[in-house]
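Pulled from Swiss-Prot, these are the features on record:
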BINDING   TYR13, ARG30, ARG46, TYR47, SER54, TYR125  Fe-coproporphyrin III binding site
BINDING   HIS181, GLU262  Fe(2+) binding site
Amino acid sequence: MKKKKIGLLVMAYGTPESLEDVEAYYTHIRHGRKPSEEALQDLIGRYKAIGGISPLAKITKEQAHKLTDSMNNMFTEYEFNCYLGLKHTAPFIEDAVEEMKRDGIEQAISIVLAPHYSTFSIKAYNERAIRLSEEIGGPVIEPIDQWYDEPKFISYWADQIKETFTKIEDKEKAVVIFSAHSLPEKIIAAGDPYVEQLQHTADLIAAAANIQNYTIGWQSAGNTSDPWIGPDVQDLTRELFEEHRYEAFIYCPVGFVAEHLEVLYDNDYECKVVTDELNAAYFRPNMPNAQSTFIDCLATIVSKKMKEIVDKELILNNN
């Protein structure tokens, strides 16, 4: 019996794969407006500071393909096909949807490599994919909207924090800062759950890791006239030091799932500059990347959606 094909649309932000690609990437983020030479060189300088280019492209591809392999191992009666769709670099989300259509995929599951729902992120990604799929007559896309409280995701970070605390002598003098990418404040007024979801993630991880000293912060805010959600992690570090005299700061950028510019520069460089100024210790646990525990977490999330689809088909077939 021929296996039914299921498209697995894995979506992410995207990143330039070489310094020569930075200008086109930056221009796409700015909706087609080229950045100033000063802004462009500033961004290129950040990439050079982390070794020349971000490892994100390689990690994202590895995450997508390993997740697809896991799904094929879990659901042997189906054939999952991997399609990578990126927001700001090729292959774009639309490229992936068109490829699924050409391949004869009639049904797909989409997952965004970001745990917290926002109109700026997960909603926007899924809307782009579904809008085009409806325009071209398929495939039918079943989106996963959020997974910020997935137990295996919580366990991953709790384990990382526990391991980090083994390196800290005075645990009462240490604090964990859970962070995500800042977004414009206007999303809060519109009822976006992004902030509440980050807080919930932090609370769940803190409980699982049995820590009391923790808070949430925001990082990597855009340079626009609109106010962005705060406090920024660097300002927060200084405030926490002034108030509590913490001697160790543990940064957990749980809004991200891989090492990339925002982690390797904004955390590992900029936040460390602050902790060095304060004569405090800097720690940043390992990111999930394509570790087997995290791939298993993603597979669990996708399998829940797949089981919903299978159950729905059984109901339809029995009626």
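We count from 1, first residue shown onward.
Cβ atoms are placed via backbone N, Cα and C, with glycine included.
Across the fold, the C-alpha of ARG46 (Fe-coproporphyrin III binding site) and the C-alpha of GLU262 (Fe(2+) binding site) stand 10 Å from each other.
In the structure shown, across all protein chains, TYR125 is the one of the binding-site residues TYR13, TYR125 with the greatest number of other Cβ atoms within 10 Å. Annotation: ARG46 carries the greatest number of neighbouring Cβ atoms among the binding-site residues ARG30, ARG46 [cut-off 10 Å, Cβ to Cβ]. Between the alpha carbons (Cα) of TYR47 (Fe-coproporphyrin III binding site) and HIS181 (Fe(2+) binding site) lies a span of roughly 18 Å. In this entry, TYR13, ARG30, ARG46, TYR47, SER54, TYR125 make up the residues listed for Fe-coproporphyrin III, with the farthest two CA atoms of the set 26 Å from each other. Closest in space to GLU262 (Fe(2+) binding site), of the binding-site residues given as TYR13, ARG30, SER54, TYR125, is SER54, taking the CA atom of each residue. Note on proximity: among TYR13, ARG30, SER54, TYR125, the binding-site residues of the record, the Cα nearest HIS181 (Fe(2+) binding site) is that of TYR13.
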